[in-house]
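Peer 1: First the structure, which I've put down as structure tokens, then a few questions once you've had a look.
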Amino acid sequence: MGSKIPIKWPKEVTAAFVEQLIRAEKDVQKAVLIFDAATTEYSKGFRHDRSTFGLIISRLLSANNFKLAEEMLVRMKDESCKITEDIFLSIYRAYGRVHKPLEVMRVFQTMKEYDCEPTQKSYITVFSVLVDENRLKTAFRFYRYMRGEGIPPCVASLNILIKALCKNSGTMDSAFHIFREMPKHRFTPDSYTYGTLINGLCRLGKTTEAKELLMEMDANGCSPTVVTYTCLIRGFCQSNNLDEAMGLLEDMRSKGIEPNVFTYSSLMDGLCKGGRSSEAMELLEMMIHEHKVPNMITYSTLIHGLCGESKIGEALEVFDRMKLQGCKPDAGLYWKVINGFCGNNKFHEAANYLDEMILSGISPNRVTWSLHVKIHNAVVRGLCSVNDPKRAFQLYLSMRTRAISVEAKSFETLVNHFCKKGDVHKVARIVEEMLTDGCIPGEQTWAVVVGGFWDRRKVREAADSVQADLTCKHMDLGT
């Protein structure tokens, strides 16, 4: 690593002591220095074993330092330290966590080079990562290879296979075929099996069949989990069968299954999209009463729903509660609130929240940029409509500074407003910048500009005429 870290080593260094030091060090780079120092700086020498190697590899994987983690694996081999399967399993899971299924396959193929024979655990873990990452063709090929290598099926591997088949509508029948065949081969479907099938049916909009499967699951003595109920509730919400979804909430409670944040968020989303945001707000209060902490999705769902029903006051209450809880609103949420103000002709409030968003350093991403432009332009035009051209012009200048496109309609609104005010200097500037942006004023805009300048000229001519008359009178009096 090139650096040294001061450590007071005892007379005899043990693996447990080295592990303690590595665990105590929060900085993974310094943890590696400690790992190296144990062998390079201790005069009597120290050999790392499976536990210390395993720990440092785990720390590196947690920090997504895969290159160094794999170098440690090579070092284990070079130092004749036995490499066990659990180290490989941790590498598979770490690569799966960052969505790199091909790296999982690559490492799996090197296991035998490290004198480590893969067991059923390795095969199932790799198969699971491939399915989770939607590498279905590769996953099915791997499953056939796995069976060819003599790995017997089990409930875990069959569950993953069913999950893969549930991802496509064309293979759902195959998933159910395996499910129905499981008991014949002495495999008992568990809650994960049922939950996977219920989720698959809900994604296809087959909520009636999904609920029947829930009842079958219950009848077979397999207790549904909160995940199972949440999948079904989400399915009924997406099918706009909100009363059935609410009924499932009561059903799970009666069975002693506590809804979680995702259950509530799914229900709130359905209620808000169905124009029943008041009921969604009641669920929020219920959540808080049960000491369940709403997350970003919960708040976002409510704010979108309330703004959609023009309940901007309640939306702001939720917005403020969210900030008090420490959840930072994103650009999309600010846009929703600002748009709500614009829809209610409250353009000063919209401008205030726009300022707050900018001062908070919240920037839009590529997806929300077009909305970013649209909202800024709407607020500029809105401020003009409520006769606040000064603030509208300030926002316009801010937009130009931050490279936010000014729409033709906004240019025209500003020109029209300042012409009426007789502020020809601002009109000239706006028209010049409009032309610079390649936005050609329409016939009506030109007419307003010319009219504004013409009126200004006539005023000036009248003033000059009055001044001339007064001068003449003074001269007459003097003579």
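Backbone N, Cα and C atoms are what each Cβ position is placed from, and that goes for glycine too.
Curation does not apply to TrEMBL; its annotations are automatic.
Since the structure is predicted, the reported quantities are computational estimates derived from the model, not experimental observations.
Got these off TrEMBL a minute ago, pasting:
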type	residues	note
REPEAT	119-153	repeat 'PPR'
REPEAT	154-189	repeat 'PPR'
REPEAT	190-224	repeat 'PPR'
REPEAT	225-259	repeat 'PPR'
REPEAT	260-294	repeat 'PPR'
REPEAT	295-329	repeat 'PPR'
REPEAT	330-364	repeat 'PPR'
REPEAT	407-441	repeat 'PPR'
Peer 1: Near the repeat 'PPR' (225-259), which residues from the same chain, at least 6 beyond its ends, have a CB less than 8 A from one of its CBs?
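Peer 2: Hits for the repeat 'PPR' (225-259): 191, 194-195, 198-199, 201-203, 205, 207, 210-211, 214, 217, 266-267, 269-271, 273-274, 276, 290.
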Peer 1: Which sequence positions outside the repeat 'PPR' (295-329), separated from its termini by at least 6 residues, show Cβ-Cβ distances below 8 Å to it?
Peer 2: 261, 264-265, 268-269, 271-273, 275, 277, 280-281, 284, 287, 336-337, 339-341, 343-344, 346, 360, 362
Peer 1: For the repeat 'PPR' (330-364), could you work out the same-chain residues 6 or more beyond its ends whose Cβ comes under 8 Å from its Cβ atoms?
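Peer 2: Beyond its ends, the repeat 'PPR' (330-364) has Cβ neighbours at 296, 299-300, 303-304, 306-307, 310, 312, 315-316, 319, 371-372, 375-376, 378-379, 382-383, 385-386, 388, 391, 395, 398.
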Peer 1: In the same chain, which residue numbers or ranges, 6 or more beyond the ends of the repeat 'PPR' (119-153), come under 8 angstroms Cβ to Cβ?
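Peer 2: Contacts of the repeat 'PPR' (119-153) (Cβ under 8 Å, skipping residues fewer than 6 from its ends): 85, 88-89, 92-93, 95-96, 99, 101, 104-105, 108, 111, 160-161, 163-164, 167-168, 185, 187.
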Peer 1: Quick test of the contact rule: Cβ under 8 Å, at least six residues beyond the ends. What residues does that give for the repeat 'PPR' (260-294)?
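Peer 2: Distant contacts of the repeat 'PPR' (260-294): 226, 229-230, 233-234, 236-238, 240, 242, 245-246, 249, 252, 301-302, 304-306, 308-309, 311, 314, 318, 322, 325.
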Peer 1: From the DSSP assignment alone, can you count helix, strand and coil residues within the repeat 'PPR' (190-224)?
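Peer 2: Across the repeat 'PPR' (190-224), DSSP assigns the residues as follows: 26 helix, 0 strand, 9 coil.
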